[in-house]
Amino acid sequence: MSEKTFYITTPIYYPSGNLHIGHTYTTVAADTITRFKKLQGYDTYFLTGTDEHGQKIEKVAEAAGVAPQAYVDGIVTGIKNLWDTMNISYDQFIRTTDPEHEKTIQRIFKQLYDQGDIYKSNYEGWYCTPCESFWTESQLVDGNCPDCGRPVEKASEEAYFFKMSKYADDLMKYIEDNPHFIQPESRKNEMVNNFIKPGLQDLCVSRTSFTWGVPVDFDPGHVVYVWIDALPNYISALGYLNDKPNLMEKYWPADVHLVGKDIIRFHTIYWPIILMALKLPLPKQVYGHGWILLKGGKMSKSVGNVVDPVVLVDKYGVDALRYHVLREMSYGSDGVYNEDLLVSHINSDLANDLGNLLSRTLAMTDKYFGGVIPKERETAEIDHDLIDLAEKTPAIVSDYMDKLDFSRALEEIWKLVSRSNKYIDETQPWVLGKSPEKQARLAQVMYNLTESLRIVTVLISAAMPETARKIGEQLKCPEASLTWDSIQKFGGYPEGLKIERCEALFPRIELEKKAEQPVKDAKAKTEKAKKENDSPSSEELPEGLITIDDFAKVQLRVAEVVACEPHPDADRLLVLQLLVGQEKRQVVSGIAKYYAPADLVGKTVILVANLKPVNLRGLESNGMILAATKGKKLSLVTVDGIPSGGKVS
Ligand code: MSP
């Protein structure tokens, strides 16, 4: 059994409705770090689940005309399906309605009451009679009930309270002695200055105004109130004070509680205090991540702008979505979701950078060596830079992963992907392929590329398990060559394997809406022009003539050729890598008879940018470059002095 353990939790989600992309982010992040730690040899335990009690759930169920338990059962099935779809490999899914959890909560409540940390008093608040709900002053909207808008009245009910202030000094000391307890750092200052220093209020931990909760067994009529039911899920799951298998000794204290910024207070103040009262060690870290926002602000069911991850997975695939949320959310800050950004991540990072690196490497290995890289190889000075980076990258990625900075971790992996693509352009395998005496050098180039891809595969396996599996299969990597240890040194790709080319990893996504827009606009303009100027529409023109609006449908852009190589499977074709403003494009063009690849690099050409992508002998061509021809002559149309991305009209 491994000695190093790693216990991570997500918040337990309210099953009041289906979960959205924000909850998906947290769970994907927890899954990614768990897989990464497992890869590094840790004995991991990953807990997620649902927080099923409380008045809100009781009301939603009532509105749906079902009992609360039946209501949450339905939602929980959906949540579990979502996690299966997202390829989440949790070890336990805890529900606060599990009898074992309820047992723990009752025992904790009783123990805290017996030792004097919980006492009975009166809860004072604003009561809405029709809704049967208590509200605090700050929850009221214009002095009225936030749910129904009706007037509220001051009322009090008998309730139990937890003496938070008793533990405030011990908590401050723990926070000071453990600088990594609250992460990111900015959240720590917020907790200390805004909540702990001004003085902690005692926490109301029971209610009598609703029944959907864990009963206080020694005082009928009271149910345990929200946080003291929810927070101990992290230990009830490990068998604390119940009859589940006892995993406390092995996994407690948790290494990380991953939570959203809105609930960091409960995890860094209430939860440690409950643990102190129970004389249990405190979690090593609470990490508060930012929120996924939409352009207009928050996602909300009532506004109807909730982003459904299942729809996105159907459309783009699970790893594309996993990559996108992890890459988009920078360390501890909010991120913005929009579909164009997701598509641009797919097209640029996944299809263009990673997908092309794999397809080019496989195609060339196939073409030059029938799929098996020869053992006779010849190194060169130029290899060192790539090898250096490949050897450094795992440690850098591991550091960022430890900090839960997934965005930077992926950025570092993609530096290696880009460096490998650049290495193809530098070494020009297609030139080496022409000389029989350069076979050993060519073999080394192909080996280095394949080896970099193997290292990339292992590094992305936590964030994108499915993609890593597909690459590993195509490179025919045996399991032993996909371990953490095996990527600490360059050169672990085994000899004699025969690669196997399959379909593209990430087919490019056409930006339908964007591509359609100009067409729609052009049509509208034609109609408008027809009305205003009485100019003919294209259907009314003499055959062969088009209107200016017809021409405007073709999007012409200035593009710079940044790399070019022969097509591995077709002598007539060249494969060009173009830069169009910030965007990278691959275009396959039938101009090999007229240009040597090296002559094209640096040229500024004109690209038909909204042409439907096609597959030419196994490689995607996304656009067409313009050329003038007459008889046997051909010349590419080039421009001077206009930077790439410029429009041609
Ligand atoms: N049940 C409590 C947690 C109890 S943990 C002991 C709860 N549930 S929740 O369903 O409302 O929220 C769960 C998590 O989802 C929170 O961490 C919250 O920050 C997160 N998110 C909700 N919307 C989010 C985004 N738009 N973006 C990222 N995370 C978001 O609170």
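Placed from the backbone N, Cα and C atoms, the Cβ positions cover glycine too.
From a predicted model like this one, the values you see are computed outputs, not experimental measurements.
Lifted from TrEMBL, the feature list:
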MOTIF     13-23  motif ''HIGH' region'
BINDING   CYS128, CYS131, CYS145, CYS148  Zn(2+) binding site
MOTIF     298-302  motif ''KMSKS' region'
REGION    517-541  region 'Disordered'
COMPBIAS  517-534  compositional bias 'Basic and acidic residues'
DOMAIN    550-649  domain 'TRNA-binding'
All-chain count of other Cβ atoms within 10 Å of CYS145 (Zn(2+) binding site): 20
Is CYS148 (Zn(2+) binding site) helix, strand or coil when read with DSSP? coil
Mind tallying the domain 'TRNA-binding' (550-649) by DSSP state, helix then strand then coil? 7 helix, 54 strand, 39 coil
Those same-chain residues, other than CYS128, CYS131, CYS145, CYS148, found with Cβ within 8 Å of the centroid of the Zn(2+)-site Cβ atoms are THR129, PRO130, SER133, TRP135, ASN144, PRO146, ASP147, GLY149, ARG150, VAL152
Would you count the other CB atoms within 10 A of the CB of CYS148 (Zn(2+) binding site), including those on all shown protein chains? 12
Mean pLDDT for the motif ''KMSKS' region' (298-302), as a whole number? 73
